[in-house]
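Student: Starting off with a structure, shown below.
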Amino acid sequence: MFATFLRLALLLALALPVVAATDPKALIEQYHRDHPGKGKFAGHWQPIPIQRYWNPVDFYEPPKTVQGKVGRDQCVACHQGVTPGFVKAWQDSTHAHLGRIRTLPDSDVRAYKKKLLAEVEANLVEQGLLKQGEHLQQVGCIDCHGGVGKDKIRHDKDLRLPDRAVCGTCHVQQFAEAESEKEQTWPQGQWPKGHPSHAVDWKANVETAVWAAMAEREIAQGCDQCHYQQNKCDGCHTRHSFSAAEARQPEACATCHNGVDHNEFENYLLSKHGTVYQTHKQQWNFEAPLKDAIARGGYTAPTCQLCHFEYQGQFSHNLVRKVRWGFNPTPAIAENLDHPWFQKRLDAWVGTCSQCHSPRFGRTWLETADKGILAGLKVEQEAKQVVQKLYDDGLLPGQKTNRPAPPAPAQDAPGGFFQLFWAKGNNPSRVERVYAEMWEHDLIKLYKGLVHANPGGYTYSEGWSPLLRDYTEIMDENTRLRAEAKTRLAFLPDSLRLADTDLRLPLGAALLVGGLVVLGRRK
Amino acid sequence: MFATFLRLALLLALALPVVAATDPKALIEQYHRDHPGKGKFAGHWQPIPIQRYWNPVDFYEPPKTVQGKVGRDQCVACHQGVTPGFVKAWQDSTHAHLGRIRTLPDSDVRAYKKKLLAEVEANLVEQGLLKQGEHLQQVGCIDCHGGVGKDKIRHDKDLRLPDRAVCGTCHVQQFAEAESEKEQTWPQGQWPKGHPSHAVDWKANVETAVWAAMAEREIAQGCDQCHYQQNKCDGCHTRHSFSAAEARQPEACATCHNGVDHNEFENYLLSKHGTVYQTHKQQWNFEAPLKDAIARGGYTAPTCQLCHFEYQGQFSHNLVRKVRWGFNPTPAIAENLDHPWFQKRLDAWVGTCSQCHSPRFGRTWLETADKGILAGLKVEQEAKQVVQKLYDDGLLPGQKTNRPAPPAPAQDAPGGFFQLFWAKGNNPSRVERVYAEMWEHDLIKLYKGLVHANPGGYTYSEGWSPLLRDYTEIMDENTRLRAEAKTRLAFLPDSLRLADTDLRLPLGAALLVGGLVVLGRRK
Amino acid sequence: MFATFLRLALLLALALPVVAATDPKALIEQYHRDHPGKGKFAGHWQPIPIQRYWNPVDFYEPPKTVQGKVGRDQCVACHQGVTPGFVKAWQDSTHAHLGRIRTLPDSDVRAYKKKLLAEVEANLVEQGLLKQGEHLQQVGCIDCHGGVGKDKIRHDKDLRLPDRAVCGTCHVQQFAEAESEKEQTWPQGQWPKGHPSHAVDWKANVETAVWAAMAEREIAQGCDQCHYQQNKCDGCHTRHSFSAAEARQPEACATCHNGVDHNEFENYLLSKHGTVYQTHKQQWNFEAPLKDAIARGGYTAPTCQLCHFEYQGQFSHNLVRKVRWGFNPTPAIAENLDHPWFQKRLDAWVGTCSQCHSPRFGRTWLETADKGILAGLKVEQEAKQVVQKLYDDGLLPGQKTNRPAPPAPAQDAPGGFFQLFWAKGNNPSRVERVYAEMWEHDLIKLYKGLVHANPGGYTYSEGWSPLLRDYTEIMDENTRLRAEAKTRLAFLPDSLRLADTDLRLPLGAALLVGGLVVLGRRK
């Protein structure tokens with residue numbers, strides 16, 4: 001009954017347009033309302049200066065070095081000398097030459113931008129920022145750093161760094177698409193609403209306990225360097241080119257999507273997809289919009305963008321409509337893969353693969369990947385029990401004598417996420433750290449290697465073989481820690497079995513002496 | 001006497017043409033006869049659906065979704081809508097436009113394809129697949145997926161995925177070259193005939209015990225994703241471009257030749273060769289055939305292909321005529337490097353290096369590399385003895401209590417290859433896994449780093465320094481496991497020692513008798 | 001007082017031209033005088049054949065295969081057949097076509113080479129190697145391999161491989177700039193004069209104890225493959241193209257600046273800088289000199305070269321004028337960061353960043369990086385004490401029974417650099433090796449990740465998280481080794497305990513008292 005209702009609801013949702021027509025002002029207000037600022041752990045940390053650039057709306061203050069009002073024409077004139085690099089980037093950008101768009105012949109792959117520009121103008125008219133019939137000539141510094149259409153700002157007071165909403169003032173459709181990621185709702189509550197997604201990545205960042213707990217704020221802000229897509233658009237469209245062609249290349253994703261717990265870029269490059277990309281990309285035209293990537297861009301293999309921006313044949317800035325395993329494989333997902341929510345997303349992926357592969361190949365691959373992930377999850381879950389039991393039995397080295405609690409709001413737990421970023425004394429113990437890497441590195445890489453079809457990425461270099469290595473270490477440790485405990489148990493007097501304490505030596509010596517005295521007296 | 005004979009035999013072999021003129025049909029028949037199918041461990045595993053794509057001849061069945069006959073012209077018409085990506089790749093390929101080859105001016109670097117096309121036509125005439133004097137206009141879908149020259153096939157019955165022999169029907173010379181790798185014979189039996197090579201990589205795959213033994217078939221098939229060159233040609237010439245220019249770029253090798261046990265691609269990129277490639281490749285023309293790579297392609301450094309396809313000044317698809325250390329350094333190779341078989345191959349390598357370096361430099365480098373590999377092998381062999389002795393003495397953690405045997409056909413052995421892909425309980429122990437990585441990762445990387453001249457690849461990042469790290473861990477473990485064993489022996493009561501050593505009975509008895517004697521005397 | 005003097009001295013130094021006008025001959029003589037040859041450990045090692053190519057002045061001898069005199073025109077004629085690759089590289093080089101430079105229009109980005117060529121000619125005139133008013137037409141093989149302007153050399157006697165001074169004969173300014181790195185003097189003696197720099201990297205190499213000590217010379221020479229910039233210029237300007245455009249691309253630095261203890265290249269590629277480089281470089285013109293990189297080369301992000309060749313707005317081959325943390329973070333640097341020497345360099349860096357970023361952003365980032373490095377250093381220093389104490393207490397596994405000394409001139413020390421490249425028996429112990437990697441890999445990567453702004457490079461994939469992993473292992477080992485020692489103390493006969501702990505006295509005394517009591521009573 002409930003399942004039927006759910007199916008109906010899903011079908012309805014499917015029938016709705018991808019993103020409903022949006023009122024720009026309402027969208028911007030909603031965006032600001034949703035923004036978490038410092039988040040629920042605000043009491044535990046203070047921003048450091050660099051963070052003014054990762055979350056400007058909350059932390060940015062203009063520099064006091066330039067006082068008074070500056071006009072539209074003064075920005076470039078002055079900054080050309082002070083900071084020539086970013087001026088040059090803007091000068092070569094589309095923002096600096098909107099007129100060139102209007103004269104593009106329809107045969108040009110960039111001709112789609114004519115329609116986009118008209119939409120931008122309509123959006124501005126709707127917001128009263130452009131007169132009806134007026135044409136934008138340029139998006140200048142002041143439009144973003146002061147306000148669209150402004151002529152003058154006070155450099156030391158009004159200067160702002162643009163957030164998503166500033167970009168969204170013109171690019172309403174793209175902003176709305178990106179913000180719609182917040183609607184994602186997991187059927188069994190595997191993740192909170194909207195998570196994981198770019199649209200809430202700052203919230204995810206500041207509400208991670210160990211991030212807020214870390215005393216080393218200069219290290220912690222390294223997380224912000226990626227987890228700021230919720231705040232700004234230049235994570236993909238690097239300032240001050242803001243190039244769509246740049247953002248369509250896999251390297252645009254690489255700064256964040258690499259490394260020990262999300263090695264998507266490495267997997268892509270080493271997959272057959274990446275091979276074709278690297279050997280043919282000089283013949284591809286990244287100016288083509290994604291919908292024309294194959295027909296007009298000449299793609300003969302996918303980029304990150306071609307698969308992840310696609311959903312049921314449409315391309316948008318909502319990248320989470322096909323998310324299934326999320327950030328990491330867990331039992332709560334594994335046990336529900338036959339739920340319609342997951343099945344529908346699997347079907348959508350088959351459609352994605354069918355851009356280039358037969359639907360049967362696509363489905364077969366996706367099912368292979370699922371089963372491979374399940375195999376890894378099984379090993380990881382077995383190891384988890386072993387580590388938990390060591391903790392419950394109090395057998396971890398130093399557990400009773402030298403295990404400081406992590407700083408608030410982080411909380412102690414064996415093999416917890418915090419143990420990858422905080423350590424003191426015997427917290428974590430070695431075996432816990434191994435387990436933390438097992439679930440947070442090996443298993444995720446296994447999953448990412450499989451879904452990106454990089455053979456070495458899930459069999460031997462990353463994934464399965466490292467997962468078994470960590471399993472091996474955990475089992476070895478378990479055997480030895482338990483054997484050590486037995487040794488202590490059998491030969492120490494009961495009172496000395498506190499195992500790790502410094503009291504056992506003097507105590508043992510005293511007992512020995514006492515025993516000898518008693519024996520002597522017996523005679 | 002025997003050596004003289006061998007020398008003569010080698011000289012004779014050298015005098016023969018690289019690949020004898022070949023009868024296409026005989027070649028194809030031989031290929032099919034040689035193919036191992038499921039291999040000698042067939043009883044231990046069952047194919048899963050994805051494997052129909054890795055070994056189509058044995059496992060592929062056409063989908064039942066499209067019934068009835070389809071004609072030559074229908075393929076593109078329908079698949080353009082269903083799977084536009086692969087259609088586009090074909091449309092931009094040489095296969096789709098054979099006529100363009102015939103009109104190439106001789107000054108074009110691709111003009112060599114005119115001769116190749118004429119040979120293809122001659123091959124087809126010889127096989128009765130083309131009329132004398134007729135010209136191929138196009139290689140269409142149906143030619144490969146149904147049969148050369150076919151007009152109609154039953155989509156649900158006749159559709160096939162091409163294997164090597166299908167490509168070899170037209171490309172006879174290249175097929176014969178590639179198949180000739182099977183002739184490789186190691187002088188002291190270091191490897192079975194034909195191994196290691198692309199030509200028998202599927203056989204090597206399915207006849208690897210742990211691969212056949214693994215319960216996780218979705219992980220195991222990851223090996224197939226590279227080990228299918230014996231089955232298909234699209235490992236290098238990606239469908240449906242089948243581009244020779246793509247296959248001449250180093251990235252074409254990267255999907256398989258990377259990672260923990262064969263990091264050739266990483267070594268190449270980080271070598272001086274790779275630097276030159278990466279900084280100059282935009283000026284190189286990969287359409288030039290390898291023989292013209294320097295003179296007309298503009299190469300100023302080697303690619304993978306320029307060295308590995310070359311043998312005594314000729315280029316072919318037989319890549320193993322200079323193989324010396326094979327997949328991994330072993331004593332059986334190390335001890336025979338002065339044998340003529342190895343010496344001749346060293347000489348051939350000097351010729352390869354001399355494409356760009358003085359012969360003296362080439363020989364000096366190769367001899368340096370050999371000695372460096374020998375140095376690594378010595379360390380690895382010392383560690384091997386230590387681990388073997390721990391196993392023989394029964395001192396590995398859990399060895400007597402929790403060491404399940406690996407599933408058949410894999411067999412237990414300390415530090416065995418299977419331990420990289422299977423683990424349960426205390427099999428492997430930690431020290432064995434370290435050793436398995438030592439011989440299978442560190443030592444191989446040392447070797448690959450040296451022969452590809454990547455300085456960090458054999459000194460500190462990979463190779464020597466990690467090899468010593470693993471040596472350190474093994475020696476540390478050895479010392480501790482033996483100390484623990486002594487402690488147990490000397491101070492544990494008999495009942496607690498039961499699991500640990502064969503000495504327990506006599507020693508226990510001696511201690512018991514001694515104790516009773518002392519007590520008796522005291523009274 | 002001293003500080004004021006220092007400030008004045010610094011200001012004076014700043015006022016001086018970057019490199020004083022130089023007498024070419026004096027410069028060359030000084031270069032040869034400074035060269036260490038085999039260095040202070042010369043008695044400990046002998047060169048192997050390959051080293052003739054890394055340090056030709058000291059080790060090269062011409063081959064005897066070609067006897068007698070050869071003339072200027074014979075080189076190419078013969079080598080075109082023998083070693084076509086390097087001939088082709090030269091033929092496509094600027095050296096082969098100096099005339100083309102003279103006809104470049106001033107609008108060409110390469111027009112700056114006209115001035116360079118005139119300077120080269122003036123330099124040669126000054127040295128009597130070119131007649132006044134004569135024009136160089138070509139730099140041929142013989143000019144570098146025999147002597148500028150020579151017509152004939154004896155191939156088996158006179159042939160030389162060029163060193164820095166040979167290149168510097170023509171390129172005096174660049175040679176002088178590069179050599180000026182030797183002037184670097186650290187204010188608190190953190191590094192010897194000139195170190196670390198390319199200008200003394202061969203000296204640094206041969207005067208590293210473990211390098212000289214290693215029996216495996218074929219491995220040790222791997223260090224030379226990068227540490228030869230002091231000897232030759234083709235580390236960046238690969239022979240025989242000697243291309244400036246090549247040397248301006250980040251990949252030119254990659255062969256040496258990658259890997260476990262200086263992963264600059266990886267950090268660059270994964271930073272936002274690298275993303276922009278990779279997605280836009282096809283539109284950049286690397287023929288533009290660095291000073292025109294933004295304005296005329298079209299750079300919209302930095303390369304390695306744009307930041308590291310720059311100093312106060314000028315570009316030169318002295319790369320160490322902004323060095324602050326050097327090769328690795330140490331307390332001696334950390335404690336002096338507010339010294340004017342370091343502050344001035346910080347200011348210079350702010351100028352560098354300001355090529356593209358606001359000065360405030362630049363300074364904020366650099367201060368963030370400093371604090372992040374200090375956080376890592378603190379963890380590393382704590383671990384260092386723990387390992388040192390284990391060593392001092394004699395508790396390392398096998399320390400008393402199986403710890404061979406490293407070969408001379410290396411000297412034993414817990415967690416020393418030598419332990420990354422040499423191991424025997426229980427030297428190093430596992431915990432030492434972990435610590436060696438902590439200070440030599442993790443901490444350096446943390447630093448490099450921060451200063452190159454690669455988020456994953458200092459938070460989780462490299463840097464902080466691996467640093468904590470090694471901290472965890474060290475603390476775990478410490479707890480266990482000390483517990484084991486105590487166990488031995490309590491239950492082993494006294495004679496076995498003598499070596500192991502400070503508690504032996506009280507315990508021995510207690511046992512002694514007990515024994516006396518028993519003996520006394522017995523009577």
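Note that Cβ sites are derived from N, Cα and C of the backbone, with glycine treated the same way.
Marked as signal peptide by TrEMBL: A:1-20. What TrEMBL records for A:C75, A:78-79, A:C141, A:C144, A:H155, A:C167, A:C170, A:C223, A:C226, A:C233, A:C236, A:C304, A:C307, A:C353, A:C356 is heme c 1 binding site. Taken from TrEMBL, the feature heme c 3 binding site applies to A:H95, A:H171. Per TrEMBL, heme c 2 binding site is recorded for A:H145, A:H240. What TrEMBL records for A:H198, A:H257 is heme c 6 binding site. According to TrEMBL, the heme c 4 binding site annotation covers A:H227, A:C253, A:C256. Feature annotation from TrEMBL assigns heme c 5 binding site to A:H237, A:H317. TrEMBL lists A:H273, A:H357 with the feature heme c 8 binding site. Annotation comment: TrEMBL describes A:H308, A:H452 as heme c 7 binding site.
So that I understand the layout, could you describe where these features sit and how close they are to other parts?
Tutor: A:H79 (heme c 1 binding site) carries a helical DSSP state (H, G or I). Sequence-distant neighbours of A:H79 (heme c 1 binding site) (same chain, six or more apart, CB under 8 Å from its CB) are A:F86, A:V87, A:C141, listed in sequence order.
A simple way to gauge crowding: the CB of A:H171 (heme c 3 binding site) has 22 other CB atoms within 10 angstroms, across all the protein chains here.
Cβ environment of A:H240 (heme c 2 binding site): A:F86, A:V87, A:A89, A:W90, A:S93, A:H95 lie under 8 Å away, each six or more residues apart in the same chain.
Take the CB of A:H257 (heme c 6 binding site) and look out to 10 A: across all protein chains shown you find 19 other CB atoms.
Taking the Cβ of A:H227 (heme c 4 binding site) as reference, residues of its chain lying under 8 Å away and at least six apart in sequence are, in sequence order, A:D201, A:W202, A:A204, A:N205.
When secondary structure is read from DSSP and collapsed to three states, A:H317 (heme c 5 binding site) falls in the coil class. Around A:H317 (heme c 5 binding site), the C-beta neighbours below 8 angstroms that are at least 6 residues distant in the chain are A:Q174, A:F175, A:E177, A:A178, A:F309.
DSSP assigns A:H273 (heme c 8 binding site) to a helical segment in the three-state reduction.
Within 10 Å of the C-beta atom of A:H308 (heme c 7 binding site) sit 18 other C-beta atoms, taking all shown protein chains into account.
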Student: Return only the integer: C-alpha distance in Å from A:H257 (heme c 6 binding site) to A:C223 (heme c 1 binding site).
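Tutor: Roughly 12 Å, rounded to the nearest whole number.
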Student: List which of the binding-site residues A:C75, A:C144, A:H145, A:C167, A:C223, A:C256 have their Cα within 10 Å of the Cα of A:H452 (heme c 7 binding site), in sequence order.
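Tutor: Passing the 10 Å Cα cut: none.
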Student: Taking the Cβ of each of the binding-site residues and counting other Cβ atoms inside 10 Å, which one has the highest number: A:C75, A:C253, A:C256?
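Tutor: By the 10 Å Cβ neighbour count, A:C256 comes out on top.
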Student: List the same-chain residues at least 6 positions away in sequence whose Cβ sits under 8 Å from the Cβ of A:H145 (heme c 2 binding site), in sequence order, or say none.
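Tutor: Long-range Cβ contacts: A:C75, A:I153, A:L159, A:R160, A:L161, A:P162.
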Student: What other residues of this chain sit with their CB within 8 A of the center of the CB atoms of A:H227, A:C253, A:C256, the recorded heme c 4 site?
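Tutor: Going along the sequence, the neighbours appear as A:H198, A:D201, A:C226, A:Q229, A:G235, A:T255, A:H257.
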Student: Out of the binding-site residues A:C75, A:C223, A:H227, A:C253, A:C353, which are near chain B, with a C-beta less than 8 A away from one of its C-betas?
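Tutor: From A:C75, A:C223, A:H227, A:C253, A:C353, none lies near chain B.
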Student: At the level of the C-alpha atoms, what whole-angstrom distance separates A:H237 (heme c 5 binding site) and A:H171 (heme c 3 binding site)?
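Tutor: Here the two Cα atoms lie 13 Å apart.
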Student: Please find which two of A:H227, A:C253, A:C256 have the most distant C-alpha atoms, given that the record lists them as binding heme c 4, and give only that distance in angstrom, rounded to a whole number.
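Tutor: Farthest Cα pair among residues binding heme c 4: 13 Å.
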Student: So if the criterion is CB under 8 Å to a CB of chain C, which of the binding-site residues A:C75, A:H79, A:H95, A:C223, A:C256, A:H317 qualify?
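Tutor: Near chain C: A:C223, A:C256.
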Student: Just to verify a number: CA distance, A:H308 (heme c 7 binding site) to A:C353 (heme c 1 binding site), in angstrom, no decimals.
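Tutor: Here the two Cα atoms are 11 Å apart.
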Student: Nearest of the binding-site residues to A:H273 (heme c 8 binding site) by CA-CA distance, picking from A:C233, A:C253, A:C304?
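Tutor: When the Cα distances are compared, A:C304 comes out closest.
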Student: Could you round the CA separation between A:H357 (heme c 8 binding site) and A:C304 (heme c 1 binding site) to a whole angstrom and send it over?
Tutor: 16
Student: Find, for the listed binding-site residues A:C167, A:C353, the residue with the lowest Cβ contact count at a 10 Å cut-off, counting only other Cβ atoms.
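Tutor: Per-residue Cβ counts within 10 Å for the binding-site residues A:C167, A:C353 bottom out at A:C167.
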